[in-house]
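**Student:** Just dropping this structure here.
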Amino acid sequence: ALCPVLLKRATFLPLSWQCFRALCCKGPPPARPEYDLVCIGLTGSGKTSLLSKLCSESPENVVSTTGFSIKAVPFQNAILNVKELGGADNIRKYWSRYYQGSQGVIFVLDSASSEDDLETARNELHSALQHPQLCTLPFLILANHQDKPAARSVQEVKKYFELEPLARGKRWILQPCSLDDMDALKDSFSQLINLLEEKDHEAVRM
Ligand SMILES: Nc1nc2c(ncn2[C@@H]2O[C@H](COP(=O)(O)OP(=O)(O)OP(=O)(O)O)[C@@H](O)[C@H]2O)c(=O)[nH]1
Ligand SMILES: [Mg+2]
């Protein structure tokens, strides 16, 4: 017959080993999925400032982006590799050369801009929504600068940009935000990540 002490030890040892492993040897956390996004919008709309804040960098001393800049923006359940394209007049004509490989689009708007700039922004957004490399992708449209008294509400932006008919059948989110409202910004990015995940699952099903 087995000695009861030995028997006790034999059951205790594997148990304590399992506890030790569970507590201390969890191994690396599961890899977060990465998505490649393109971020567009007129100059001064706030692309670099918003992305810097999301990366916990100071949005002060931000300078206008000449060409493009790439940032890996970390979220709890995904990493977004965001390629921001400078929005100045002389750069916008090259935007479409940098669309390839994108899995989603962020369009930033200065909601308090002049009528002229708003119209330019609308034309740019319409071109992007219809571009063959972007037209099937999830869009996050950020109506930024909401802290300014002249800012248009999301309802006004939606109407002015004629988003309902143009974006029908597409996955898109229109979110009001400002540089001071990180909660709204993070919330809109988590909605975007949901759309990107949905698209991923769809691709797997096909
Ligand atoms: N009041 C206010 N100012 C903002 C907001 N977002 C950005 N700005 C300011 O707008 C200015 C331009 O911001 P940028 O982040 O450089 O704009 P951008 O879209 O990257 O511009 P380009 O790189 O030239 O295309 C900066 O002085 C920011 O501080 C906002 O929500 N409210
Ligand atoms: Mg910039």
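Even glycines carry a Cβ here, placed using N, Cα and C.
TrEMBL: automatically predicted annotations, no manual curation.
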**Student:** Suppose a student reads TrEMBL and sees Gly41, Leu42, Thr43, Gly44, Ser45, Gly46, Lys47, Thr48, Asn144, His145, Gln146, Asp147 listed for GTP. Which of Gly67, Gly87, Gly169 should they find annotated at that same site?
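**Tutor:** TrEMBL names Gly87 for this GTP site.
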**Student:** Per the record, GTP is bound by Gly41, Leu42, Thr43, Gly44, Ser45, Gly46, Lys47, Thr48, Gly87, Asn144, His145, Gln146, Asp147: how many Å separate the farthest pair of Cα atoms?
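**Tutor:** Site span for GTP, by Cα atoms: 21 Å.
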**Student:** Around the Cβ of Ser45 (GTP binding site), how many other Cβ atoms lie within 10 Å? Please give the count over every shown protein chain.
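**Tutor:** By my count, 24.
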**Student:** Taking only the binding-site residues Gly41, Lys47, Asp147, which one has a CA atom nearest to the CA atom of Thr65 (Mg(2+) binding site)?
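**Tutor:** Nearest candidate: Lys47.
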**Student:** Under a criterion of Cβ-Cβ distance under 8 Å and sequence separation of at least 6, what residues of the same chain contact Thr48 (Mg(2+) binding site)?
**Tutor:** Pro59, Val62, Val63, Thr65, Ser69, Glu84
